[in-house]
């Protein structure tokens, strides 16, 4: 198993905001990056986003112009998993559905070289269960980046039941190499951050649902009363209400405590397609017409 210094080729699966941000970090750290997505439009958007982000850093003097252009050149877009066969590290950043991730890990296990480390950017799904889909569970690990990856300083590393010490050390060193502060979690539902954050967001939805206060007052209260940079409802919009709901369901199913049961208003918003900033409307409106879903308590 190669040490972090030996991680030279990185595959990133998923060209959304998370995947493109991870690809940018790896390229800026000197890695050759293969960014995989089945959607050519998503790849085009990702390359444009990464290029713009790196050039902004160069304009601010945080990156030399040469380093900026070299980083952009190190990213190659691909459309087939087969093209990741020589990667030292593969990080998936696809939809937060366990069965879909497991299917991908089965495929990666077959095509990547035996020494490759397989990592998931999951925010809540068991690494042990994902690793069980492979014949190399000792080389499967969780790398939970936070959105947007180039800006957020934290990475949460999760060891599965069989993750080796060597793989953990290599991934920890690589994470520090790309500029992240590392925290380590055991493989429990929600890990560290989401296990604490999602009940807070859920309680904010309950406060809105039961008419305790307006969304603005709930968020202002948490921003000014607890010195949070963003209120929990606005933060939920930025994370994605569908993602919040998915994590809460993982917590509820995995830990069996009713305190993790999703608020009906959150479920209703997701059912209505109000997924947050990425859709233009969630708890707040972001330039698109709001749907007719209103906070209405049945209590």
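In case you wondered, yes, glycine gets a Cβ from its N, Cα and C as well.
Values in this document were obtained by computation on a predicted structure and should not be read as measured data.
Feature annotation from TrEMBL assigns NAD(+) binding site to 14, 15, 16, 17, 18, 19, 37, 96, 101, 123, 147, 278. Look at TrEMBL and you will find 53, 60, 123 tagged as CoA binding site. Feature annotation from TrEMBL assigns site 'Important for catalytic activity' to 144. Annotation comment: TrEMBL describes 190-286 as domain '3-hydroxyacyl-CoA dehydrogenase C-terminal'.
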Cα-Cα distance linking residue 144 (site 'Important for catalytic activity') and residue 53 (CoA binding site), given in Å to the nearest integer: 21
Spatial separation of residue 14 (NAD(+) binding site) from residue 123 (CoA binding site) - C-alpha basis, Å: 15
Most distant Cα pair in Å, residues 14, 15, 16, 17, 18, 19, 37, 96, 101, 123, 147, 278 binding NAD(+): 22
Residue among recorded positions 60, 101, 144 with least C-beta crowding, 10 angstrom cut-off: 60
Intrachain C-beta neighbours of residue 147 (NAD(+) binding site), sequence separation six or more, cut-off 8 angstroms: 17, 18, 21, 238, 239
Neighbourhood of residue 14 (NAD(+) binding site), C-beta criterion under 8 angstroms, separation at least six: 36, 37, 92, 93, 94, 121
Set of same-chain residues at least 6 away whose C-beta sits under 8 angstroms from residue 16 (NAD(+) binding site): 42, 46, 93
Length of the line joining the Cα atoms of residue 101 (NAD(+) binding site) and residue 144 (site 'Important for catalytic activity'), in Å: 14
Per-residue Cβ crowding (10 Å cut-off), top of binding-site residues 53, 123: 123
Tally of DSSP helical, extended and coil residues in the domain '3-hydroxyacyl-CoA dehydrogenase C-terminal' (190-286): 66 helix, 3 strand, 28 coil
Between residue 144 (site 'Important for catalytic activity') and residue 60 (CoA binding site), the C-alpha gap once rounded to whole angstrom: 28
Count of other CB atoms lying within 10 Å of the CB belonging to residue 18 (NAD(+) binding site): 22
